[in-house]
Amino acid sequence: MAARWRFWCVSVTMVVALLIVCDVPSASAQRKKEMVLSEKVSQLMEWTNKRPVIRMNGDKFRRLVKAPPRNYSVIVMFTALQLHRQCVVCKQADEEFQILANSWRYSSAFTNRIFFAMVDFDEGSDVFQMLNMNSAPTFINFPAKGKPKRGDTYELQVRGFSAEQIARWIADRTDVNIRVIRPPNYAGPLMLGLLLAVIGGLVYLRRSNMEFLFNKTGWAFAALCFVLAMTSGQMWNHIRGPPYAHKNPHTGHVNYIHGSSQAQFVAETHIVLLFNGGVTLGMVLLCEAATSDMDIGKRKIMCVAGIGLVVLFFSWMLSIFRSKYHGYPYSFLMS
C-alpha cells in the first residue's frame, strides 16, 4: 500500500513538473509577443503624432501592417504622387485622405485602434508587386485580425474619393466613426457675396427702370442653365466627389467617360452638359426658323444648322449612353 502511494505521489509530481516546464516557453513567447506588439503600437503612435498619414516603404509595410502580432487596423492608400507619374487623381485623393486622417488624429475619440498610412509607388514598388496591384489610387483596410476581405478594398470608381465617403466605408469595416472636419473654405461665401453685390449694383443702376426683372429671355436663359447643370449630373458630383478623369498608370490612357452606369467622372458631366446644350441650341434654331420673319434664305440656313446640331449631339449622347448601359440596343449614326 505504501509503495503504491509513493508511486502515485511520484507520478503526480512528474506531471506537475512537466506542465511547469512546458508552460515556461509558452509564457515566455506570450511576453515576447506582447513586447513586440507594444513596440509596434508605440512606433505608430509616435509617427502619427508627427504626421497623421504615415509614409511607408516596403520594410515598414511588411513589419507594421502585414506581420503579426497586430491589434489595430491600418487604412493604407496606395498612390503615385511623383510629378513624372502625372496622376492628377492621386493628388486629389491624397488631399481628401489627409483631411480624413487629420480629422481622426485631432478628434476626441482618437485611439490606437486605427492608423492611416500611405505607400507611394516610387517608394514601395515591391509592395505593389506583392499585392498584384496595377492601379492607383487604391484604399485597402488591413484589419486587426486576419487578411483583408473583398469589402476591405474601397470601391473608388463607385463611391468617389471624398473624405466623407471614405469615412463611411471605414465605419462599415472597423466600427470606428470619424467626423470629417474640413478646413474653412471662403471661396463659396466670397462668390456668393460677389454675386449679390453685382445684382445689387445692377438693381441700383437701373432703379428708375425695373423692367429688366421681368425680361422673359433673361429668366429663360437662367432656367435653361440650371436645367442643363442638373440633368448633366452636377448634383451627383457634389454629393459623391468623383475624380475629374481616370488615367491608366501603365498605358497613360485617360478615360473621361466612366464605363459603369453606377458612377461618373466630373469630365463626363461637362461633356453631357455640352451635348445637351448642343441639342437645345439646335431645337431653338429650328423653332426660330419656323416662326421668324427673316428672309427665306436665312431661315433655311437656321433650319439646316438646327437639324445638324440635333442629329450630331443627340447621336453622341446616345453613344455615351450605350457605353455605360451595356446591351442597350439602339444607336443613331454612331455606335
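Placed from the backbone N, Cα and C atoms, the Cβ positions cover glycine too.
Note that this is a predicted model, so its numbers are computed, not measured.
The feature topological domain 'Extracellular' is assigned by Swiss-Prot to 30-184, 231-270, 322-335. Taken from Swiss-Prot, the feature domain 'Thioredoxin' covers 47-175. Residues or ranges marked as disulfide bond in Swiss-Prot: C87-C90. Taken from Swiss-Prot, the feature transmembrane segment covers 185-205, 210-230, 271-291, 301-321, and the record attributes it to sequence analysis. Taken from Swiss-Prot, the feature topological domain 'Cytoplasmic' covers 206-209, 292-300, and the record attributes it to sequence analysis.
Proximity of distant same-chain residues to the topological domain 'Extracellular' (231-270), defined by a Cβ-Cβ separation under 8 Å and at least 6 residues beyond the stretch ends, is recorded for 80, 85-89, 92-93, 96, 121, 134-136, 156-162, 164-165, 276, 320, 323-325. When each of the disulfide-bonded residues C87, C90 is scored by how many other Cβ atoms sit within 10 Å of its Cβ, C87 comes out lowest. Within its own chain, the topological domain 'Extracellular' (322-335) is flanked in space by residues 257-261, 311-312, 314-316, which lie at least six positions past its ends and keep a Cβ under 8 Å from the stretch.
Sequence-distant contacts of the topological domain 'Cytoplasmic' (292-300), counting only residues of its own chain at least 6 positions beyond either end whose CB sits under 8 Å from a CB of the stretch, are absent. Here the domain 'Thioredoxin' (47-175) returns a mean pLDDT of 88 for the predicted model.
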